[in-house]
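K.L.:
Among the features that TrEMBL reports, ATP binding site is placed at 121, 122, 123, 124, 125, 126, 127. The domain 'Mur ligase central' feature in TrEMBL is assigned to 119-286. Annotation source TrEMBL lists domain 'Mur ligase C-terminal' at 308-421. Residues or ranges marked as transmembrane segment by TrEMBL: 12-30.
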């Protein structure tokens, strides 16, 4: 990486968070001798995990449990948590004072010398990013994985050269930071669009516009890879459709690459039709980066999948327990639910993100042996829908432990207990991964 100079620059980290993004940025600026102000609406106790690695640092000022306008008035640089809106009053104050405003993704792209594969989408972006990283590692170049996958790219930013590859998973909020630097990635991928995060966006259209920023600033020579259902693509990158069914596709339980049968579907660990699209997207990326078919097949055969995404935790007394905690929207939970063979006991529910639950409720009511619901506003919606469907074989619980214990009592040999909430985790858990950890702990103590 080219040399940067942040020495004595007043740098505000707005939202340290719990997933490692804010921590990675903070540690990077400390390495480059910036004067840090870390401000977060959460308390020091709530941020304990993220604060602990920073204890020894001397040039940090903390404002926790609140934000102060004075912190932003003297800032040279502000790195805001991606979920912070661009019209936020504190960011507006910093802009008025001439500060540079970034989120973690835009800051990384501003200083990254390597070729970047950026991947976003409503469903499948983490799986596609991880599989892409695995396939590219079959080649000869150094490959790094980071972004909205709980791996801060600032851990490896200073190691990067122009010869390296970075696979960067990006949320819609991270994509919103790209207009500030008027920069996209060289190889941009959108896996799909579906309704999500409508508690944060005024409309579905606004949500899609945010993600399309990934294509918007592409130049000639760049590549925009996307699902065939996505009709609106902005920017000057060459368009490629990964699931057109012409070059690479699945047929009769076999994978075809360049129209040649290369691998049995059962040899790939990722289950479900939705994952076939993720696989095709990753193959398309690998082909663009000159990975041979033989190496792609080797990578697909050895990839084991991701934590919290249709992840088998254990089999006890002939009952499988599967963790799909990252299904925070009905559309994601539906995809996993369809991929799991019956009989199924579903643990679902949580907090609504202003999404539609009719299709989810109808599917699970017809095809579940039992349904166990965690507390939250989405659960209230599901119960009302169940009543309309005259479905009453559901159980309300107050904790994950209670849900798992009940599921084990209801289950018989051959059943699958599936945690696939179709809702957010706020309130009962710190985040969806914390929800998954509670599930794993409860399952392992059965």
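Just so you know, glycine gets a Cβ as well, placed from its N, Cα and C.
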K.L.:
What does DSSP give as the helix, strand and coil breakdown of the domain 'Mur ligase C-terminal' (308-421)?
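P.N.:
The counts are 43 helix, 28 strand, 43 coil.
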K.L.:
For residue 121 (ATP binding site), what is the secondary structure by DSSP, using just helix, strand and coil?
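P.N.:
DSSP call for residue 121 (ATP binding site): coil, neither helix nor strand.
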K.L.:
I need the neighbours of the ATP site defined by 121, 122, 123, 124, 125, 126, 127. Which other residues of that chain put their C-beta within 8 angstroms of the C-beta centroid, in sequence order?
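P.N.:
The surrounding set, listed in chain order, is 119, 128, 191, 192, 278.
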K.L.:
Cβ-Cβ under 8 Å from residue 127 (ATP binding site), same chain, 6 or more residues apart: which ones?
P.N.:
270, 275, 278, 305, 306, 309
K.L.:
Just to confirm my parser: what is the rounded mean pLDDT across the domain 'Mur ligase central' (119-286)?
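P.N.:
Mean per-residue confidence for the domain 'Mur ligase central' (119-286): 96 out of 100.
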K.L.:
Helix, strand or coil at residue 126 (ATP binding site), per DSSP?
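P.N.:
SS state of residue 126 (ATP binding site) = helix.
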K.L.:
Could you list the residues of the same chain, at least six apart in sequence, whose Cβ is under 8 A from the Cβ of residue 124 (ATP binding site)?
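P.N.:
Looking at Cβ-Cβ distances below 8 Å from residue 124 (ATP binding site), excluding near sequence neighbours, one finds 191, 192, 274, 275, 277, 278, 281.
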K.L.:
Who sits close to residue 122 (ATP binding site): which same-chain residues at least 6 apart have their Cβ under 8 Å from its Cβ?
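P.N.:
In sequence order, 191, 192, 193, 194, 195, 196, 329, 331, 332 meet the Cβ cut-off.
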K.L.:
Let's check the environment of residue 126 (ATP binding site): how many other CB atoms sit within 10 Å of its CB?
P.N.:
22
K.L.:
Could you tell me which of these binding-site residues, 121, 123, 125, has the greatest number of Cβ atoms within 10 Å of its own Cβ?
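P.N.:
That would be 121, with the most Cβ atoms nearby.
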